[in-house]
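Colleague: These came from TrEMBL, pasted as-is:
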type     : residues : note
TRANSMEM : 61-82    : transmembrane segment
TRANSMEM : 94-114   : transmembrane segment
TRANSMEM : 134-157  : transmembrane segment
TRANSMEM : 169-187  : transmembrane segment
TRANSMEM : 199-219  : transmembrane segment
TRANSMEM : 270-293  : transmembrane segment
TRANSMEM : 314-335  : transmembrane segment
TRANSMEM : 355-378  : transmembrane segment
TRANSMEM : 399-420  : transmembrane segment
TRANSMEM : 432-450  : transmembrane segment
TRANSMEM : 517-535  : transmembrane segment
TRANSMEM : 555-572  : transmembrane segment
Amino acid sequence: MCLKPGNPSEPCRMTAKDLETEEVHLSNNIIVPSQVESACEPDPDIPPTGVLKETGRNWGWILSGIICMNVLILGCVLVSGSANNEVNIGSTDLQIFLIVLLLLTSFWMVYYLIHTVRKENAVDYKDGRAGPIWLRGGLVLFGLLSILMDIFKIASYAGYLQCDSAVKVAFPAVQLVFVLVQTYFLWMHAKDCVQLQRNFTRCGLMLTLSTNLVVWITAVTEESVYHDAAPESPSNITQISGRSLYINKTGYGDEACTCSYTSCSIFKEAYYYLYPFNIEYSLFASAMAYIMWKNVGRVTEECDAKIKFRLKNILIGPVAGILLLVSGLATFVLYEMAMVNGGGDDDQKDKALLMHFVMNIVIATLMSVSTVIGCAIYKVDHREHVSEKNPTRSLDVGLLIGTSLGQFIISYFTIVAMAATGAEGYLNRLNLAWAVLMVIQIGLQNFFIIEGLHREPFHKVQAATVIQNPYVPQPGKEGSNFDGSDKNTMPSPAVAAHSLHGHTTEHKPKLLWKRRILKEVCAFLLLGNIILWIMPAFGARPQLDLDTETEFYKLNMWAAIVNIGLPFGIFYRMHSVASLFEVFLTS
């Protein structure tokens, strides 16, 4: 039963959509602390446009963009030259350039940290969506593993000081300091909207962005060189150009140069496995630096509404995702052991490829089905779409679409090769099915994530958060309660909520089941993307282990396609994990 002015006994006839619309209106005035820990009121001093008009802003943006492009182009020239044995550019030349770049960026970040402490009005506004805690937490995790990689590098390179350049020891030492400074800088200031020295700050942030991208390009190119340096027989590409080739090529000096102690090979194998984390760290830092650059001079009313992470009533998605993750790890380990230690046993290699293809097909199929379920929930979800523009959300969407092109490129090249050759044999048919499913899965997942990022948080429409203030007199009531007895007694919030909507439990489950399904889907997709990141990041190369594409496109062309597309596909999976976590929280 619902009370209405003029006719308190008239029953309410409201649909579920009407109830949700009313809840949206009420939630604008009432916020429950258990759902949102902090709220902000509009600042009357903030201009309605949300952006301050500053003199010379355009030339500051142009100058910072020019700095970024020049550093990137010069870095690409040195990286590509050092990767080609016929060009007289050595790895020492590249590392000297990187050392200078890392030191300059570190000095600027230290200056920024000191400047913001001394100037009280240096940062008056902060972007609540920039640098969320899970993104900064991932940055810290990858940063710690990158530091561990640099320590292993220093320990390994120090054994060759008697016969090789000391620059190769200095570079990981400088990179270690750079990672420490940058991690602290981004953890503390990722949300800043700088208002002082804007042009200088833009140039410094673009220097930071380009430095991280050059470090990323260097690491990716090193990985690509090892895969390209393959023997004439394409059937042995992974066994020679994978892990063992990497370890062999990181030796220094001539063949007579040996390590001064016996642990060099152990350190080399150790930091090889940490390379994927360093690559992801550079990309995470690049994205956060770009958001800071976009926020320079920005005035925003947005506050940091802290939404709590809860797994209450969420079971199927996490459990199924963990089972998928464990199964994928087991098959990946068996696949890698077969490829590295299998020698020339073609039967063992075919069995490993069969197992790998089947596992990936199962993962892609389950993720596609769960994504379809999540997209169907959006059709019955009456949450409003976010209308205001935000550089963080725009970058998330751009990165999702842009980096997914890497996997799309590999999949479509595989589809064409399989179709042209007739997909003869069970391995080729499985490879074709996997490529098609990957295209479908990524397309569905992009739609699901982008739609979720543009929806308002669920707490704004949940019935349980709508509570009528019992201490505000209702019009026509003249301070009396609902039944007219004991005028000095105020109704409890539970009674007020009950009186407002009749029985709130009648429509509350309709909201809870939508929230639960979305959270289940997000948790499952998140864990699925983690295993799809682990496999290629740590050495799985079925594209090169199966000979069909290599024979169809020839080694040089196919290796270039894989080496260009795969790094973007790897980053796509990790960025999807971060985006799905955000969708999980807002659901």
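Easy rule for this one: first residue shown is 1, then count along the chain.
Backbone N, Cα and C atoms are what each Cβ position is placed from, and that goes for glycine too.
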Colleague: What residues in the same chain, six or more past the boundaries of the transmembrane segment (134-157), come closer than 8 Å to it by Cβ-Cβ distance?
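Modeller: Here the qualifying positions are 164, 168-169, 172-173, 175-176, 179-180, 182-183, 186-187, 190, 250, 252, 259, 263-264, 267-268, 270-271, 274-275, 277-278, 280-281, 284-285, 288, 574, 578, 581-582.
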Colleague: Which of 94-114, 199-219, 432-450 shares the most C-beta pairs under 8 angstroms with the transmembrane segment (169-187)?
Modeller: 94-114
Colleague: Assess whether the transmembrane segment (555-572) lies in contact with the transmembrane segment (199-219), where contact requires at least three Cβ pairs under 8 Å among residues 6 or more apart in sequence.
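Modeller: No, the stretches stay apart by this measure.
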Colleague: Below 8 Å between Cβ atoms, which of the listed ranges 61-82, 270-293, 432-450, 517-535 makes the most pairs with the transmembrane segment (199-219)?
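Modeller: By Cβ pairs under 8 Å, 61-82 leads among 61-82, 270-293, 432-450, 517-535.
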Colleague: Under 8 Å for C-beta pairs, could you tell me which stretch among 61-82, 270-293, 432-450 has the largest tally with the transmembrane segment (517-535)?
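Modeller: Comparing 61-82, 270-293, 432-450 against the transmembrane segment (517-535), the winner is 432-450.
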